[in-house]
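Asker: Following this message is one structure expressed as structure tokens.
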Amino acid sequence: MTHTTTIAAIATPVGRGGVGIIRLSGPKAYAIACALTGKESFTPRLASFCRFYDANNNVLDEGLVLYFKAPHSFTGEDVIELQGHGGMILQNQLLARVFELGAHQAQAGEFSYRAFDNDKLDLLQAEAIADAIDATSAAAASSAIRSLTGAFSNKINEVLEALIELRLYVEASIDFPDEEDVDFLSDGVIEGKLQRIQQQLTTILSTAQQGQLLRDGVHVVLAGRPNAGKSSLLNSLAGQERAIVTDVAGTTRDTLQETIVLNGLTIHLTDTAGLRDTTDAVERIGIERARTAINQADLLLLVYDLSQEVDPLKLASELFGEGIDGTPNFDPSKLLLIGNKRDLVEDKGESANKLADKADILGYEQVNVSCETSQGIPQLIASLCDKVGFHPPENSLIARTRHLDALRRTQQHVDEAHQQLVIYQAGELVAESLRQGQYSLGEITGEFSADDLLGRIFGSFCIGK
């Protein structure tokens, strides 16, 4: 699509820096660069050292000009990059002059949107740009770059082509039932192709689920009675003294958040106030916030003191209520029992696992640790990753919630097509289910996308990208 306006924005982070970059894209970009510098021409892809002048021919700054001639640019339009000195005063003065010469302020993600609009990249690749910038771990950054280079798109397009081909095959079977060279619905060919597509979707969905964990991380909450060692555990996992630790019960009175990376997984860790009955107004507010955090957690680490011979399941029942079967009213898949102060128990020659068997039998996993000696911490990290299903493949791909939603809807439509074929031999319904599956899968790369979806996606980008 041809855009009639020329957009500009500062492309480097706000603040002091050695270099500040202003990016322009659009039909006037080249002319603006010439007017700004007094030069008559620029050679594409060759850096030119220039001075930048205001309307009165005063020097605003000096630096490099890079010219990317359409369509051989990021956006597919004429693109100019002005590389001057960093610092907001110089950058804002230079940008204001660019606006005087006819450019408009770029909106969030507008450069990437134009690249998408001009078929320089698909929606998956555009999102991967933002995900690479926002990555909180090396694994997430690497996965985003793989998606940016088209690895994820290639997998989606392969299945999309198979869906289109199969849909055409089914429609041909309906339209030409008497042709000898066209197979019918009952010959097994269509079912075989459907099964292969189902297998491909299952594999891609599994990879995408790992990619979503890489991108978003998980929200993990530490909870338990006062003085159980929650804050000490947060410090152990964070590798630094983030929470105040004392022998006084109730030291933590509010939630404390820390983002850490363990085994490649980003964990948004929240320490909470100890759960108990209290008349202290401030502590009660902290406990209310703790329960709110617990309800929103992807995983709860229920910390208890091994030296106090606490039954963790009884503790969980006291804190969260008891089900009709006598077990805690809390989903075992979202709960990890953490026996702390293991060193104190073992120093006495006692076993730290005396209650573990009971918990395991009932489906509640227990890990015993010592924040003092770091015993059990590696096992806790491994159990945490396993609990949330984090097992990324070597060549993982970044993914978002909308990708998973689209993949699941595609799976549902393909499963429906298989059912219509095997049970009812209903060719028209098979073709319709395949059409819906094709549409759902195409949403991922942007082949089929509503304008409001595109607005939400590109609106979340930073200015200048």
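Including glycine, each Cβ sits where the backbone N, Cα and C put it.
Since the structure is predicted, the reported quantities are computational estimates derived from the model, not experimental observations.
From Swiss-Prot, for reference:
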BINDING   R23, E81, K120, K465  (6S)-5-formyl-5,6,7,8-tetrahydrofolate binding site
BINDING   227-232, 246-252, 271-274  GTP binding site
BINDING   N227, T246, V248, T251  K(+) binding site
BINDING   S231, T252  Mg(2+) binding site
DOMAIN    217-389  domain 'TrmE-type G'
Asker: Any idea which of the binding-site residues N227, S231 has the thinnest Cβ neighbourhood at 10 Å?
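Answerer: Least crowded of the binding-site residues N227, S231, by Cβ count within 10 Å, is N227.
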Asker: For each of R23, K120, K230, count the other CB atoms within 10 A of its CB; which of these binding-site residues has the top count?
Answerer: K230
Asker: Where does S231 (Mg(2+) binding site) sit in DSSP terms: helix, strand, or coil?
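Answerer: S231 (Mg(2+) binding site) sits in a helix per DSSP.
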Asker: I'd like to confirm something. Which of the binding-site residues, R23, E81, K120, has a Cα closest to the Cα of N227 (GTP binding site)?
Answerer: R23
Asker: At a 10 Å cut-off from the C-beta of A273 (GTP binding site), count the other C-beta atoms across all protein chains.
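Answerer: A count of 27.
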Asker: Within the domain 'TrmE-type G' (217-389) only, compute the mean pLDDT.
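Answerer: The predicted confidence over the domain 'TrmE-type G' (217-389), as a mean pLDDT, is 85.
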Asker: Considering only the binding-site residues K230, S231, A273, which fall within 10 Å of E81 ((6S)-5-formyl-5,6,7,8-tetrahydrofolate binding site) when distances are taken between Cα atoms?
Answerer: none
Asker: Is it possible to get the count of other C-beta atoms within 10 angstroms of the C-beta of E81 ((6S)-5-formyl-5,6,7,8-tetrahydrofolate binding site)?
Answerer: 21
Asker: To the nearest Å, how far is the Cα of K230 (GTP binding site) from the Cα of R23 ((6S)-5-formyl-5,6,7,8-tetrahydrofolate binding site)?
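Answerer: For K230 (GTP binding site) versus R23 ((6S)-5-formyl-5,6,7,8-tetrahydrofolate binding site), the Cα atoms are 48 Å apart.
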Asker: Rounded to a whole angstrom, what is the C-alpha distance between S231 (Mg(2+) binding site) and R23 ((6S)-5-formyl-5,6,7,8-tetrahydrofolate binding site)?
Answerer: 46
Asker: Round to a whole number and give the Cα-to-Cα distance in Å for the pair R23 ((6S)-5-formyl-5,6,7,8-tetrahydrofolate binding site) and A273 (GTP binding site).
Answerer: 48
Asker: Tell me, by DSSP, whether E81 ((6S)-5-formyl-5,6,7,8-tetrahydrofolate binding site) is helix, strand or coil?
Answerer: strand
Asker: In Å, rounded, how far does the Cα of A273 (GTP binding site) sit from the Cα of K120 ((6S)-5-formyl-5,6,7,8-tetrahydrofolate binding site)?
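Answerer: Taking the Cα atoms only, A273 (GTP binding site) lies 51 Å from K120 ((6S)-5-formyl-5,6,7,8-tetrahydrofolate binding site).
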